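Taken verbatim from TrEMBL:
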BINDING   H84, H86, E90, H129  Fe(2+) binding site
BINDING   H84, H86, E90, H129  Ni(2+) binding site
Amino acid sequence: MVRAWYIEGDGLDNPRDEHQRLPPKFITLEDLYRITGVEHYALNVDTCETDGSLEKLKEEKGYTYEDIFETPAEGDLVEFYKEHLHEDEESRFVLEGCGYYDIRDNNDEWIRVEVVSGDLIVVPSGCYHRFMLDHTNYFKAKRLFFKDPHYQAVERPADNLSCRQEYLKKLHNGKFEES
């Protein structure tokens, strides 16, 4: 089950550590959605392909393409940990392992979201984030897309992109509170 907390500092000194504040400042999934727009779904990895739950979610979200992403090379991890956004939402269904999504909240602070097997996370288009593995160094996920991936990370600053402007408008107008 996903856990989320505000991180101590910028998280750059050892990105695989939890970086929890003392005392820890955990946040609920409802608050995570409200202040970032990040969605979470819990699916059973063993049954979601046969019970229809994954297919139903894909239909509801409009996903038509998927592939499998497995532990990346160390050089790729360095790129994933650079703060960036995407013009399409980023959807990952964790099949095995553990990883961290660091998400910028509505006050530009980092929230660390720990995802494990069975977690499906959706990072909205225009939301600054980064990704890192935990110390187990293994992660396998199903990536879900609206169409064939033409996925490109845009490093910060990218505030001039229309997807970023739309994201900020939703965030500051309470759109993510209407779930």
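Every residue, even glycine, has its Cβ placed from backbone N, Cα and C.
Unlike curated records, TrEMBL annotations are generated automatically.
Quantities reported herein were computed from a predicted structural model and do not represent experimental measurements.
Sorting the binding-site residues H84, H86, H129 by the number of other Cβ atoms within 10 Å puts H129 first.
Taking Cβ-Cβ distances under 8 Å and a sequence separation of 6 or more, the neighbours of E90 (Fe(2+) binding site) in its chain are V122, V123, H129.
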